[in-house]
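J.: Quick one: the structure is below, questions incoming.
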Amino acid sequence: MIRVKVAVGIILRDNSVFVALRNSKQHQGGLWEFPGGKCEASESAEVALVRELKEECGISITECEFFKTISHDYGDKSVELFFYKVTGFDGEPVGKEGQEVRWVAVSDLVSYDFPEANKPIVVALMAHY
Ligand SMILES: Nc1nc2c([nH]c(=O)n2[C@H]2C[C@H](O)[C@@H](COP(=O)(O)OP(=O)(O)OP(=O)(O)O)O2)c(=O)[nH]1
Ligand SMILES: [Mg+2]
């Protein structure tokens, strides 16, 4: 079974969060995600987070805090997701890889389809905003 370590950024501003649509060809494609990606060998989750958010969204993180770890087995792939709240950044986030992106009010997250592993995260965010 493939097992990957993934760094994920919950980019927050006011009461909104920045989400991106996963490409239909990707694993868990067609679902919304918080931007992020796989940690390279021997790369810490925090270093991977900074790199991925620069690559995928064009922002430089200035303030972030660890939020939660979630391990999930999709059957074809098992993931260990390290979620961080990103509350400070330089630049305006965009879909640098052509992905559809949106700022969504945290209270509206319930209307978006996320991968199964994200469900407890969405519930936790909605409870606090
Ligand atoms: N980025 C991200 N990945 C998620 C989330 N929830 C979730 O289950 N995943 C899964 C889907 C993928 O199996 C894995 C992340 O892979 P990825 O496709 O973003 O990795 P990457 O950016 O390094 O992409 P690539 O180089 O493989 O194209 O984690 C989420 O909220 N954000
Ligand atoms: Mg990615």
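Every residue gets a Cβ built from N, Cα and C, even glycine.
Feature annotation from TrEMBL assigns domain 'Nudix hydrolase' to 1-127. What TrEMBL lists as 8-oxo-dGTP binding site is ARG22, HIS27, GLU33, PHE34, PRO35, GLY36, ASN118. If you look up TrEMBL, you'll see GLY36, GLU56 marked as Mg(2+) binding site.
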J.: Do you know offhand how many angstrom separate GLU33 (8-oxo-dGTP binding site) and GLU56 (Mg(2+) binding site) by C-alpha?
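T.: For GLU33 (8-oxo-dGTP binding site) versus GLU56 (Mg(2+) binding site), the Cα atoms are 12 Å apart.
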J.: Excluding ARG22, HIS27, GLU33, PHE34, PRO35, GLY36, ASN118, which residues of the same chain place their Cβ within 8 Å of the centroid of the Cβ atoms of the recorded 8-oxo-dGTP site?
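T.: Apart from the listed residues, the neighbours are VAL8, ALA20, GLN28, LEU31, TRP32, PHE114, PRO115.
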J.: Whole-number Å distance between the CA of GLY36 (8-oxo-dGTP binding site) and the CA of GLU56 (Mg(2+) binding site)?
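T.: Spelling it out, the Cα of GLY36 (8-oxo-dGTP binding site) and the Cα of GLU56 (Mg(2+) binding site) are 8 Å apart.
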J.: If one measures from the C-alpha of PRO35 (8-oxo-dGTP binding site) to the C-alpha of GLU56 (Mg(2+) binding site), what distance in angstrom results, rounded to a whole number?
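T.: One finds 7 Å between the Cα atoms of these residues.
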J.: Consider each pair of residues in ARG22, HIS27, GLU33, PHE34, PRO35, GLY36, ASN118, all listed by the record as binding 8-oxo-dGTP, and report the largest Cα separation in Å as a whole number.
T.: 14
J.: Near GLU56 (Mg(2+) binding site), how many other Cβ atoms are within 10 Å of its Cβ?
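T.: Cβ-Cβ neighbours of GLU56 (Mg(2+) binding site) within 10 Å number 21.
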J.: Helix, strand or coil: which one is GLU33 (8-oxo-dGTP binding site) in, per DSSP?
T.: strand
J.: Restricting to the chain of HIS27 (8-oxo-dGTP binding site) and a gap of 6 or more, list residues whose Cβ falls under 8 Å of its Cβ, or answer none.
T.: TYR74, ASP76, LYS77
J.: In Å, rounded, how far does the Cα of PHE34 (8-oxo-dGTP binding site) sit from the Cα of GLU56 (Mg(2+) binding site)?
T.: 11
J.: What count of other C-beta atoms do you get within 10 angstroms of the C-beta of ASN118 (8-oxo-dGTP binding site), across all chains shown?
T.: 24
J.: Tally the residues of the domain 'Nudix hydrolase' (1-127) by DSSP class, grouping H, G and I as helix, E and B as strand, and everything else as coil.
T.: 31 helix, 54 strand, 42 coil
J.: Rounded to an integer, what is the Cα-Cα distance in Å between ASN118 (8-oxo-dGTP binding site) and GLU56 (Mg(2+) binding site)?
T.: 19
J.: Fill in the CA-CA distance, ARG22 (8-oxo-dGTP binding site) to GLU56 (Mg(2+) binding site), as an integer in Å.
T.: 11
